[in-house]
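According to TrEMBL:
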type	residues	note
ACT_SITE	525	active site, proton donor
ACT_SITE	568	active site, proton acceptor
BINDING	37, 38, 111, 256	FAD binding site
DOMAIN	105-128	domain 'Glucose-methanol-choline oxidoreductase N-terminal'
DOMAIN	296-310	domain 'Glucose-methanol-choline oxidoreductase N-terminal'
SIGNAL	1-18	signal peptide
Ligand SMILES: Cc1cc2nc3c(=O)[nH]c(=O)nc-3n(C[C@H](O)[C@H](O)[C@H](O)COP(=O)(O)OP(=O)(O)OC[C@H]3O[C@@H](n4cnc5c(N)ncnc54)[C@H](O)[C@@H]3O)c2cc1C
Ligand SMILES: *[C@@H]1O[C@H](CO)[C@@H](O)[C@H](O)[C@H]1NC(C)=O
Ligand SMILES: *[C@@H]1O[C@H](CO)[C@@H](O)[C@H](O)[C@H]1NC(C)=O
Ligand SMILES: *[C@@H]1O[C@H](CO)[C@@H](O)[C@H](O)[C@H]1NC(C)=O
Ligand SMILES: *[C@@H]1O[C@H](CO)[C@@H](O)[C@H](O)[C@H]1NC(C)=O
Ligand SMILES: *[C@@H]1O[C@H](CO)[C@@H](O)[C@H](O)[C@H]1NC(C)=O
Ligand SMILES: *[C@@H]1O[C@H](CO)[C@@H](O)[C@H](O)[C@H]1NC(C)=O
Ligand SMILES: *[C@@H]1O[C@H](CO)[C@@H](O)[C@H](O)[C@H]1NC(C)=O
């Protein structure tokens, strides 16, 4: 049991300046900043202990009855509405200077309320690679937490006939999060055609990609409540059924501006609460144990900087006193890029398609793979130098190189999936979307003002390295090859986009590259901006997800992933937040975690 010595009288005095209404500021044991995908898991698990008080502070509101959130076939309806932050990037230097929109949910439930529902985890060796970053983080330890969060809805025989497949050992049946296939699955004729086509190209079927081996063609499950026929999200799973717990409070429509610190001298900074702006104006909310940032990878590092945790060169520019000097805050931003190719369908298809293909580098590149692998290997040191330069020395090339080498090993030695290609037979079109899974580009996010309402500078540096273009081009060309292979080629007519007029069969790689550049979008998977790594290697949080240099501030969201994953992010976020909750409980009690070693 940890007892924090705080002089509350001093805090109240300081807080009174900002407060409008009388009485001391409200106080909770744990303050969770952001009621999104990860934050609600932590809120739920911590408030299981009746003697602990938890408040979640969320910028958005309830979307429990918002049809743009609930409709199973409604992906995209919420884009651009007031529950989408629609963050704008800086001009993208390597892609004709255009900005991109990075979507993220502003609601109780966060980005899980507007996302694509795909439920795929990660390749086991990728999570094992985190062990280098944080002791205890490996596939074996995380796997039980994926299952702990999951309520797998076993497919009906009709769903199995339409392609739903699984190994029961990979799934949890009693967790809060409903996972499975909706009743409105795509016609059962599609998957056998895709399977036969991919066999021609040497890619096997993967019955269940959620056991740590992702390569192949699969029909993956979604986060969906099959019986209610609505989309599942973090709030539906982890918050609304528990809303009446007296020790769990949600404070919505309220933005956290910054962390408030104790002024007593401590070797490590001690958070005493947060400053918020909401319906009552600007106020203080106190935390007696911890402040947990779960505002997402495009917000948590910003809140750290506004609170004085970050790069002194940046903080000084905006007159923010340096509480913790850590130049890694906001660096290491990694996202993927998304493009699509489309064909006319010869038949009419309906339903929610969940077919995805995850080929390895060997499968995608065939004979060319060893040339490509060694050419990338010989560029890694240059990439690392370029990332250091872009960061103005905030990150060190040696640290970047260390991580890039791990990534190279995963791609070319371990043969994790190289790209994800999703097949979208919808009505009279047969479309695809795809993204290379592990780009080498690295960007950053930093404040541009000390005013929390001002947008930060978000720069994913898409296509910073030629290799990221080359892989986007290679996957596009591979998709064309798939669609010209029987039996899939019998199911489709002309390619409608980009189409042979724009990119004929003999189009050059430069033409393809220009197409990629002019049509790409963010894949909305930003990670890495408050990485879990050793501090001297560019880390912001330690293996307990505690921010270095602080006593009691954690980050629990996609910011802490030190590297991009081959799965979609939510499944791993739920698992990480589950495990982090156990680590916190373990710290304050003799609670036993599920780790076996
Ligand atoms: C369009 C789209 C499609 C996607 N598709 C998939 C998919 O199919 N499958 C999948 O697994 N993943 C998908 N993802 C990614 C995935 O949904 C996200 O990575 C994940 O939900 C992020 O979780 P998080 O906990 O890091 O943050 P979030 O869920 O974004 O939670 C952060 C919360 O903090 C709140 N907040 C932010 N700032 C403040 C502040 N200052 N004060 C108070 N609250 C604040 C936000 O409003 C939000 O509720 C998709 C993402 C998008 C945008
Ligand atoms: C710490 O000191 C600053 C500056 O005097 C003051 O604004 C702030 O309220 C104090 N914080 C606490 C927690 O007392
Ligand atoms: C749903 O989204 C549409 C736009 O796609 C918008 O016009 C409508 O207001 C949204 N509904 C709600 C409840 O937010
Ligand atoms: C705002 O004020 C009302 C009434 O005093 C109170 O019930 C509510 O909890 C306050 N909200 C916040 C975020 O402090
Ligand atoms: C911050 O830390 C860096 C790296 O440890 C160091 O080089 C720099 O001098 C420090 N800056 C300040 C203002 O303390
Ligand atoms: C797919 O299913 C829909 C709805 O049942 C039906 O209208 C359509 O004809 C089917 N298409 C094929 C190719 O079987
Ligand atoms: C990768 O490059 C490094 C240094 O350039 C070299 O030492 C190493 O042998 C290369 N590895 C492979 C597998 O080519
Ligand atoms: C591609 O082929 C077309 C016609 O077959 C020809 O006109 C054109 O010059 C070729 N382009 C290239 C780049 O080879």
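Glycine too: its Cβ is placed from the backbone N, Cα and C atoms.
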Counting only residues 6+ apart in the same chain, whose Cβ is under 8 Å from the Cβ of residue 38 (FAD binding site)? 110, 234, 294, 556, 557, 558, 573, 574, 576, 577
Beyond the flanks of the domain 'Glucose-methanol-choline oxidoreductase N-terminal' (296-310) by 6 or more, those residues with Cβ under 8 Å of it: 33-34, 36, 85, 87, 102, 104, 110-111, 256-259, 261, 269, 320-324, 326-327, 329-330, 333, 445-447, 450, 452, 456, 458, 526-530, 540, 547, 549-550, 553, 555, 557-559, 561
When distances run from the Cα of residue 525 (active site, proton donor) to each of the recorded positions 37, 111, 256, 568, the nearest one: 568
Of all the Cα pairs drawn from 37, 38, 111, 256, the residues the record ties to FAD, which distance is largest, in Å? 17
Rounded to the nearest Å - Cα separation of residue 37 (FAD binding site) and the residue listed as 'active site, proton acceptor': 13
Pull the DSSP breakdown for the domain 'Glucose-methanol-choline oxidoreductase N-terminal' (296-310) and write it out as helix, strand, coil residue counts. 7 helix, 2 strand, 6 coil
Across the domain 'Glucose-methanol-choline oxidoreductase N-terminal' (105-128), what does the pLDDT come to on average, as a whole number? 98
How many of the residues that make up the domain 'Glucose-methanol-choline oxidoreductase N-terminal' (105-128) does DSSP mark as helix, as strand and as coil? 9 helix, 3 strand, 12 coil
Would you mind reading off the Cα separation of the residue listed as 'active site, proton acceptor' from residue 256 (FAD binding site), to the nearest angstrom? 27
The one of 525, 568 whose CB sees the fewest other CB atoms within 10 Å, among these active-site residues: 525
